[in-house]
Amino acid sequence: MSNDTQPKIAIIGYGSQGRAHALNLRDSGFDVTVGLRPGGPTESKAQADGFTVVAPSEAVKSADLVAILTPDMVQKKLYEDVIAPNMKQGACLLFAHGLNVHFDMITPRADLDVVLVAPKGPGALVRREYEIGRGVPCIYAVYQDTSGKAEQFALTYAGGLGGARANIIKTTFKEETETDLFGEQAVLCGGASSLVQAGFEVLVEAGYQPEIAYYEVLHELKLIVDLFYEGGITRMLEFVSETAQYGDYVSGPRVIDASTKARMKDVLTDIQNGTFTKNWVAEYEAGLPNYTKFKQADLEHPIEEVGKKLRAKMVWLNGEQQAAAAPANQQAA
């Protein structure tokens, strides 16, 4: 490294996280260059934000620390074709997700430090919290410490994002990758969306109005998740009725029982042994035929059409200040 405390940083990618990282690090006093494909969709945005934007191959040449903040499935080719041939000796390679390294799709050069820094929040939140003087918690890991200073640089980077204002927790590439994938698949995305769809179907098939079903199983979910977010499950239970609490206690375990937990363990096993990643890479390389089919099925689920109509009347969602001037009986969903 050319500077032990203030490395020259190249941010490769300028999506939600890339933009937040670049802006926060620059505001923290770092020399930041953004590496993007010339003429790409985010080049003008980065330039408008005041960054020097060059091709990734140029950005990495003089950087002490290179942060790869592109989508997972383009990182292997990007590293092999652009980053590895051009990164200077002894620099630090940083990831925000460990999938490619942990599952051996990327084998970093032996002379590089290799670390991970992952804010636990979307890019917009990472930026917003930084701007108001707070920060989003970060996790970090060291995969390869050639210089003996890899951990220091991971912590410096996390601090530059604002993570030190909140909380920084050490992990490993293995732990971050496997728990992140499991959370997405079994709970946050796959589990939650399948639970909502199933609940909607049960109510509609029992003869209830689709609009009422939507409100009960999807719309009100935000109220519960916000309470989870603020204070855990116990806070949620404090703010719902005793009837809802009792229903939670007696019916929750009927829906999510030992057999559900066993299947969740199967999901985790497929993640741990690389089956999921192997299948995902094969799917991507085949042109995403199943992914496209699954996505279309979700788009065509009845809950989507119902939700679209109901959300059109939720003026707070689209920034409108008042509902359309129509008689009250015409405003009903």
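Using N, Cα and C of the backbone, Cβ positions are placed for all residues, glycine too.
Not measured: the values here are computed from a predicted model.
Per Swiss-Prot, NADP(+) is bound by TYR14, GLY15, SER16, GLN17, ARG37, THR42, ASP72, MET73, VAL74, GLN75; the candidate from GLY123, GLY133, GLY135, GLY148 named for the same site is GLY123. In this structure, the C-alpha atom of GLU220 (Mg(2+) 2 binding site) lies 25 angstrom from that of GLY123 (NADP(+) binding site). Among the recorded positions listed (HIS97, ASP180, GLU184, GLU216), HIS97 has its Cα nearest to the Cα of TYR14 (NADP(+) binding site).
Neighbours of ASP72 (NADP(+) binding site) among the recorded positions HIS97, ASP180, GLU184, GLU216, defined as a Cα within 10 Å of its Cα, are HIS97. Using a 10 Å Cα-Cα cut-off around HIS97 (active site), the binding-site residues ARG37, VAL74, GLY123, GLU184, GLU216 reduce to an empty set. Listed in sequence order, GLU43, ALA55, PRO56 are the same-chain residues at least 6 apart in sequence whose CB falls under 8 Å from the CB of ARG37 (NADP(+) binding site).
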